[in-house]
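One structure is given here, and the rest of the page talks about it.
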Amino acid sequence: MKIMATGVFDILHPGHIHYLSESKKLGDYLIVIIATDKTAGSHGKKLIFNEEQRRFMVSQLRMVDEAIIGHEDDIFKTVYEVRPDIITLGYDQHFNDSEIEKKCRDLGLNTRVVRISKYDGEIKSSSDIRRRIIELYNR
């Protein structure tokens, strides 16, 4: 079963590892789609690493079978090319699960969307890391 996880993955942290590990448990092949610099920037993200560096880092994680950079213009172009059985979304990804499933059906895909639970640890996002660094250096 092919699982597709998506994200920016700029500053890798335990929340990312939780998301990808839980995604991998759902199937035998995990492909991770990395948001392009342009796509991430259009959502207000200020990136530390460029898309190729982010793809490389994610590709080195044990649970990841493949990491690719997504398409800028149409996210469903990547979905159609990958043809996943399941698309996993993180707790903080603002997509409508049923709309994604409907769009997949329109493309002739029988893809399910699964939300992955929030990581319980203290640092669970890149924003948490940025805040922590600022706190440490402003003491």
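Heads up, the Cβ atoms here are built off N, Cα and C, so glycines get one too.
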Additional site residue, Tyr29, Tyr119 [criterion: listed by Swiss-Prot with Val8, Phe9, His13, Pro14, Gly15, His16, Asp92 for ATP]: Tyr119
Which of Pro14, Gly15, all binding-site residues, has a Cβ with the fewest other Cβ atoms inside 10 Å: Pro14
Binding-site residues compared (Phe9, Tyr119) - highest count of Cβ atoms within 10 Å: Phe9
Longest CA-CA distance among Val8, Phe9, His13, Pro14, Gly15, His16, Asp92, Tyr119, per record bound to ATP, angstrom: 17
